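A.B. asks: Grabbed the feature section from TrEMBL, which reads as follows:
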TRANSMEM  6-26  transmembrane segment
DOMAIN    7-161  domain 'EamA'
TRANSMEM  33-55  transmembrane segment
TRANSMEM  89-107  transmembrane segment
TRANSMEM  119-138  transmembrane segment
TRANSMEM  144-163  transmembrane segment
TRANSMEM  170-191  transmembrane segment
TRANSMEM  203-227  transmembrane segment
TRANSMEM  239-258  transmembrane segment
TRANSMEM  264-284  transmembrane segment
TRANSMEM  291-313  transmembrane segment
REGION    335-362  region 'Disordered'
Amino acid sequence: MVLKGIWGLLIILSVSSSWVGTTQIVKITYKNFYCPFFMTWFSTNWNIMFFPVYYSGHLATAQEKQSPMKKFRECSRIFGEDGLTLKLFLKRTAPFSILWTLTNYLYLLALKKLTATDVSALFCCNKAFVFLLSWIVLKDRFMGVRIVAAIMAITGIVMMAYADNFHADSIVGVAFAVGSASTSALYKVLFKMFLGSANFGEAAHFVSTLGFFNLIFISFTPVILYFTKVEHWSSFAALPWGCLCGMAGLWLAFNILVNVGVVLTYPILISIGTVLSVPGNAAVDLLKQEVIFNVVRLAATIIICIGFLLMLLPEEWDEITLRFINSLKEKKSEEHMDDVTDPSVHLRGRGRANGTVSIPLA
């Protein structure tokens, strides 16, 4: 437990830092280069490296090492007993690839309209949307506390739009960020519905497959945007390759850390690392003097973060709380009984020492 706790602390810091770094690099890139779909496509292609990174870890840590093809076939069981076929590649990967691209694209669009702090706070609403979709689609257990959390998330969204007096850019930015959170939630719910739970190797295989699908089937989109001058640049040499590679590398690191963290430590700590990106981005924005926290914006951010943390409560949180309270009561009553019985024992001992028997009152 201590080891998992130490790993958890390291994972929390790493997850939070990688997400803050990704968001801030995007903001820096926008100063000279604004092509959000190309940036989304470019960073998604880096997902191809997820499985090679996983296999390198397997070679470094496993006692019984497997060949790359054998490990690949073993991990491809996430698609079914027959493994990855062309039909399943198109059928299962296409919808998830589209949702992945939409999530990241809308997130980047929101960063153009809002500060990094606002976007990262609004993206935390995806936990509330996951609960609502799971409750409706997957018939998950109803939990009153999570309904409260969902209401808090919606309240925070409205307050975030109100923070800039419902300015046009602010409303559009909030819509983009909420759209990104919604598609992220839909991705997670559909993944659970069609593919179930996945171990680290299966997750690495699936994310790498998304990267291949993105490279093969979605590459035509940035080409069309380039020639229609929607997203245009003078030459490939003029592209900010340093910022693009930094953004894609940190995005890949974030996805790897999220999946590694589930194996090495407690899943709840991964979620805490994600929500800590909000104060992390706020600190950077304040240092860069890019955000002025008025009362409404600060309250909206805090409400969304509290709603996010309420979503992390386990399903049996009420039973666990009652057991904890009862155990405290039992412990207190035992201590009280000890306090009552101790003087009588002392009295009895004294009486015997004097040759008399002392009988305590009931």
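Even glycines carry a Cβ here, placed using N, Cα and C.
Relative to the rest of the structure, where do these features sit?
C.D. replies: Long-range contacts of the transmembrane segment (33-55) within its own chain (CB-CB distance under 8 A, at least 6 residues past either end) are made by residues 26, 68, 71-72, 75, 100-101, 104-105, 108-109, 112, 200-201, 204-205, 207-208, 210-212, 214-215, 218-219, 221-222, 225-226, 231-233, 239-240, 243-244, 247-249, 251-252, 255-256.
Sequence-distant contacts of the transmembrane segment (89-107), counting only residues of its own chain at least 6 positions beyond either end whose CB sits under 8 Å from a CB of the stretch, comprise 36-37, 40-41, 43-44, 79, 119, 123, 176-177, 179-180, 183-184, 186-187, 190-191, 194-195, 206, 209-210, 213-214, 217-218, 251.
Under 8 Å from some Cβ of the transmembrane segment (119-138) lie the Cβ atoms of residues 19-20, 23, 107, 110-111, 146, 149-150, 152-154, 156-157, 160, 173-174, 177-178, 180-182, 184-186, 188-189, 192-193, 271, 274-275, 277-278, 281, 300-301, 304-305, 307-308, 311-312, all in the same chain and six or more residues away from its ends.
Here the transmembrane segment (144-163) has long-range neighbours at 118, 121-122, 124-125, 127-129, 131-132, 170-171, 174, 178, 294, 296-297, 299-301, 303-304, 306-308, 310-311, 313, 317, meaning same-chain residues at least 6 beyond its ends whose C-beta is under 8 angstroms from one of its own.
Beyond its flanks by at least six residues, the transmembrane segment (203-227) meets 35, 37-38, 41, 44-54, 72, 75-76, 78, 84, 89, 93-94, 96-97, 100-101, 195, 233, 255-256, 259 of its own chain at Cβ-Cβ distances under 8 Å.
Nonlocal intrachain contacts for the transmembrane segment (239-258), taken as residues 6+ away from its ends with a CB within less than 8 angstroms of a stretch CB, comprise 11, 14-15, 18-19, 21-22, 25-26, 28-29, 32-33, 39, 42-43, 45-47, 49-50, 53, 104, 204, 207, 233, 270, 273.
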A.B. asks: By a Cβ-Cβ criterion of under 8 Å, what residues six or more beyond either terminus of the transmembrane segment (170-191) are in contact with it?
C.D. replies: 95-96, 99-100, 102-104, 106-107, 109-110, 112-114, 118-119, 122-127, 129-130, 132-134, 137-138, 157, 160-161, 163-164
